[in-house]
Amino acid sequence: MMENKENIRCIIVDDQLFAMGILKNHLRHFPEITLAYAGTNIYEALHIIETTAIDLVFLDIQMPTMSGLEFMKRCQNRCKFIFTTAYPKYAIDGYEHDIIDFLLKPITLDRFKKSIVKFHQLNKLADQENSLLETGHILIKGDAKQKYFKVKLQDIYYAKGLDNYIRIYTRAGSIITYMNLKDLIGQLPADSFCRIHRSYIVSLQHITYVEKSLVKVSADTIPIGSSYRKQFFQVFQKSPMSRNT
């Protein structure tokens with residue numbers, strides 16, 4: 001995450017020099033963004049991301065030696081991604097992987113500007129989320145565009161992953177969000193919340209009963225998945241909550 005809007009470092013990775021040139025020209029309209037690298041070598045780009053601070057990557061999703069999705073996976077959340085492509089069919093795959101935006105070539109300046117605005121908005125939101133965590137709250141994206149819930153961490157009982165959304169159970173009722181469990185657990189304090197099943201995250205504070213493969217949270221009984229059992233008991237036994245059960 002950037003410290004401020006004036007210190008953004010980006011790279012461009014594309015095997016089409018003409019498309020790369022268009023992006024470089026568009027970036028000249030954004031003085032707050034520094035172009036640290038522009039090239040066709042995806043392994044060189046990966047090395048730069050691993051060894052220097054990069055905030056944003058413009059990446060052609062269909063590179064010759066490595067797909068954009070594989071490249072993004074190797075970066076391990078070090079930076080944000082805007083994918084580019086000449087093929088509309090790849091936009092569907094990209095959106096399923098929580099990228100900032102997907103630009104279809106040829107990329108116009110107006111469309112490019114919208115992506116940069118979105119990038120700034122998401123970073124501002126991330127800063128707000130960090131500030132909320134310091135006050136014991138979390139900002140949860142709701143089930144509609146631009147809809148968010150400010151929730152006290154201590155009020156969250158557990159979250160259940162369903163077909164294509166999550167239902168979060170709290171003191172005040174339940175909240176539906178289209179986040180995934182992986183992203184949600186990444187926002188929650190690791191000493192207070194634990195994923196115990198492929199479909200469940202629980203608040204350690206609200207566990208009232210534990211037996212073998214089951215935990216009781218509030219009035220509900222939740223299964224402990226076999227692949228999560230060892231990690232759960234390691235975390236739970238170290239938590240002060242375990243002494244109260």
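Positions of Cβ are set from backbone N, Cα and C atoms, glycine also.
Keep in mind that TrEMBL annotations are predicted by a computer and have not been checked by a curator.
Residues or ranges marked as domain 'Response regulatory' in TrEMBL: 9-120. Taken from TrEMBL, the feature domain 'HTH LytTR-type' covers 140-238. The 4-aspartylphosphate annotation in TrEMBL covers Asp60.
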Tertiary neighbours of the residue listed as '4-aspartylphosphate' (same chain, Cβ under 8 Å, six or more apart): Val13, Asp14, Asp15, Gln16, Ala19, Gly68, Phe83, Thr84, Thr85
Three-state secondary structure, the residue listed as '4-aspartylphosphate' (per DSSP): strand
For the domain 'Response regulatory' (9-120), residues assigned helix / strand / coil by DSSP: 48 helix, 29 strand, 35 coil
